[in-house]
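Here TrEMBL flags 37-286 as domain 'G-protein coupled receptors family 1 profile'. Annotation comment: TrEMBL describes 20-44, 56-78, 98-119, 140-159, 196-222, 234-254, 266-288 as transmembrane segment.
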Amino acid sequence: SHTLVKEFILVGFPGSRYLQLSLFVILLFVYVLTVMGNVSIIILVRTHRHLHSPMYYFLCNFSFLEIWFTTACVPKTLVNLVSQSQSISFTGCLLQMYFVFSFGCTEYFLLAVMAYDRYVAICYPLSYSIIMNSTMSTRLAVGSWISGFLVISVPTSLISRLSFCGSNIINHFFCDISPWTVLSCTDISHVEMVCFFMFAIVILGSCVITLVSYVYIISTILKIPSTQGRRRTFSTCSSHLMVIIIWYGSTIFLHVKPSIKASLELTKIVTILNTVVTPLLNPFIYTFRNTEVKEILKKTFSWK
């Protein structure tokens, strides 16, 4: 007797028309700045030969990923803020969810790969060029992308089989798994279990690799006799470490929890940090905390 829901309403950020337009301007500005910042890093690395190293190769992959990660959800949010209709089809919702989480999982793998790269560079500097050659760098980058998209195909397949026959209002600004699947009129316990274990493996697994890498990195740095030498060595990975703290801190809160029904409003707020703020901060963090990039920018923009 139930009618299956084939279209959903993204609540987004409810409020007055003035609030909606203000959020539109802010999000549009942040989105454009995010794309420009990450594109600038890619162009900077591609046009300067002495930046053609594994570290900057992974940074280019990371910047390219951030562009698409924020593009997967922000443009639709912008349209909903100025449009009378906030609807999205079931297929559109499924695709948006798949791409947002695929890019997110790829980011975990890339951060772990970048941590491993810094580990080899600092702990085995004489063997670095042999271990992290172009073939190995390409395999690690491609492997991160493929793994990120394959992992999310499992929960996506399960969600595609759910039936929705009640409310069609999603309490979020994009098709996040938590606020979407709670609307299902069928049992979602198997989806909850799979999502919990998948995200726990991806997040905690990559986090362990990253932490172990940095334990060895810090122990190696502490053995350097000169203070200047320790500072110079640590500066090569400080930007990456800052990005890791911001990203892992917010995503562990979002996804490693036993029930996807918990704290939907708080989830929406923290998701803004992940999908909007973090992609914007990354290029600035790498620009202002990376000595080589700062020197290039000084030479580029200096004039007599």
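Backbone N, Cα and C define each Cβ position, glycine as well.
Where the annotation comes from TrEMBL, it is an automatic prediction and has not been curated.
Segment contact is absent for the transmembrane segment (56-78) and the transmembrane segment (196-222), given fewer than three CB pairs below 8 angstroms at sequence separation of 6 or more.
The stretch from 98-119, 196-222, 234-254, 266-288 with the most CB pairs below 8 A to the transmembrane segment (20-44) is 266-288.
Restricting the average to the domain 'G-protein coupled receptors family 1 profile' (37-286) gives a pLDDT of 85.
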